[in-house]
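*Asks:* What TrEMBL lists as disulfide bond is C103-C107. Here TrEMBL flags 1-224 as domain 'Peptidase A1'. Taken from TrEMBL, the feature transmembrane segment applies to 271-293, 305-326, 346-366, 378-405, 425-447, 468-489, 501-523.
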Amino acid sequence: MARMQADGLLGLAFDGLATFSHPPLFQALLQQHPQLDAVFAFYLSPDPNSNGSELHLGGYDEALVERRGAAWQMTDVLPQFGQWTFWRVRLHSVRVGGHGNACADGCVAFVDSGTSLLGIPGTLYLNFLYEVATAAQAQGCYCGFVQYGFQCFLCAPEDFPPLRVGIGGRHFYVLEGADYTLCVGLTCIVLVQPSGQEMWVLGDVFMKKFYSLYDVGKKQVGFACAANSTLCGVEDEDQTVGSAEADELPPAKASPFFESSFNMYDMDTHAVLVLFLSGLSLVGSGFVVASFVQYPVLRSFRSFSLFFWLSVCTLGYHLTLWIAGVWRAHQTHLFFCALLKSTQQFFGTAILLFSAAVGLELIRAVRWTQSSTVEYKLVYHVVIWCSAAFAGAFSLLTGVIGFLPDGAGPCRACLVGHSPGWARVLLFYLPATLTLTFASSAVYLAATGYAGQSLPPQAERARRSSGQLLSSCVATVAALLIPTLVGWLQAFGVGWVTSGFLLYLSELCFYSQGLLNALSWAFNPSYRVARYRGNNATAGEGMRLMGPN
């Protein structure tokens, strides 16, 4: 790989995944050369660093198929959200050594030449390794997690159990131990990895064993099966299962190696970072909400009331993130994932709209008019809660979510593949842009001062007491500016924004809004007055001490 020279990445999935090229390359070739059959085929040489691999466009290598006396076993591709995206197929069974069935209720896998190993959903990863280790150790191997991952010692490839994969309800394919392990001497590595999502991935390990054909016109994918082979063929009876979209999987077994293996090998650094930042915002938002509960007089002020409800929504959003992140076994359940997407979209929309309302209130405070005394609390709440409810219901009905910087966080088993670009634009980037417009305009107006204006005393007091509004608007700009900018650039296909630094910076900002709001609230004079004097003052006295807001 160090000496490999490449000009780019060639995508051969459907146009539903196209980001940079419309139409994708193969569809463009078909338009330019209509005489071509709308199929292509991959043959990957089973021997490392050897010649002979083929990408055949417009057909397949007939001599290769005939030489093996093979026939194609075709399976229909599954659409995603009404679009053709990955080369997705239904799995009706996955068995290790002929025991159990990890997909008894149906799974989804996609064929991907860009994935070197076999990808296994995170909730099944340790369960899979447990089954492999149990069979290998019965042959005299010693298996476990070491510094470089899961390995087996004093082993040979034939000590590993066969892996039988059932596809499309009709066909089966078997990988032998030598197909999915890499042995050097007596040390063997199992060539699997967590897929990072709810789908299985049939990568190069699978494609080296079976010649693959992709029919773009008929929306089918097939694998060549040699005649009279015991390693592939047709099931004795139809194994069609119910819903492939549900991906209803059994929970993973406890690790047979050590208690912390789940956390170490199933939760990556990215998910840990998101949970850490989200946890800080969760604690910060909880602190703000608790202070309003302890000192209810604070909610009687217009600006503080908006800030309170903003913190409630922030608390709710990060609470759902933590529930899903810690309780990941339930991310394989259709109902749980649907509820998670809908709830997070509901709270996310409310966060954006309450942040915009805070910006509007700050603008009213610094640009004093007689209308600044008009109370819009009821209008704010009707608009915000109705809009949030609509967004949550839309997410529930369509199965998509837009309010997230990316789908690779701790909720990815539920969210990956359910956050298309149009959903992020409609449910996140557009409302976030409007919120940033209000918040940044309010910060600018507050920063430029009020020179040359003659104001009544009430307006002066209101402006002096608008510090919490200002700090909340600053927190909104800090939290949303970079994620929104990066999101728009990604939506328009700007490639350099996918760098790791920018994506991590975007998430650092996105998940820190609750923490920033808590810090601004902790140093707010009105909160400190309520804390130190509120318990010994009447409601009227507390209001007099804090002044109008």
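Any Cβ shown, glycine's included, is placed from N, Cα and C.
Heads up, TrEMBL stuff is auto-annotated, nobody curated it.
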*Asks:* Select the range from 346-366, 378-405, 425-447, 468-489, 501-523 that forms the most Cβ-Cβ pairs under 8 Å with the transmembrane segment (271-293).
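*Replies:* Looking only at 346-366, 378-405, 425-447, 468-489, 501-523, the most contacts with the transmembrane segment (271-293) come from 501-523.
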*Asks:* With DSSP assignments reduced to helix, strand and coil, which class does C103 (disulfide bond) get?
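*Replies:* DSSP assigns C103 (disulfide bond) to coil.
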*Asks:* Which listed range (425-447, 468-489, 501-523) shows the maximal number of Cβ pairs under 8 Å with respect to the transmembrane segment (346-366)?
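*Replies:* Ranked by Cβ pairs under 8 Å, first place goes to 425-447.
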*Asks:* Just counting, how many other CB atoms are there within 10 A of the CB of C107 (disulfide bond)?
*Replies:* 28
*Asks:* Around the C-beta of C103 (disulfide bond), how many further C-beta atoms are within 10 angstroms, looking at every protein chain?
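*Replies:* By my count, 27.
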*Asks:* Check the domain 'Peptidase A1' (1-224) for me and report the mean pLDDT.
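*Replies:* Summing pLDDT over the domain 'Peptidase A1' (1-224) and dividing by its length gives 86.
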